[in-house]
């Protein structure tokens, strides 16, 4: 039956061609929309990757800072314990007040 329509161009083959052309235009439009969406998704995924790398670097820096701070704090605690064992109570009081002062100043700055 399809062959009979192809054999007679006056039977609507021009209408079929126009319908086919309309479908092609529709497909081209949708293809362009899809390309735009794919480009937007690609850009978004690149931005997410960049953001993840920046956050990972920041977390590594924070981890390094915490490690160095814990080492410094451990040394300070050992020094305080040595001072407490030595029997000099006023030095311990002065050290404690100095530590409070330093923490207070740091707290005000941050």
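Any Cβ shown, glycine's included, is placed from N, Cα and C.
The domain 'T-SNARE coiled-coil homology' annotation in TrEMBL covers 21-83.
Annotation source TrEMBL lists region 'Disordered' at 1-24.
Residues or ranges marked as transmembrane segment by TrEMBL: 92-108.
Here the transmembrane segment (92-108) has long-range neighbours at 76, 80, 83-84, meaning same-chain residues at least 6 beyond its ends whose C-beta is under 8 angstroms from one of its own.
Under DSSP, the residues of the domain 'T-SNARE coiled-coil homology' (21-83) split into helix, strand and coil as follows: 63 helix, 0 strand, 0 coil.
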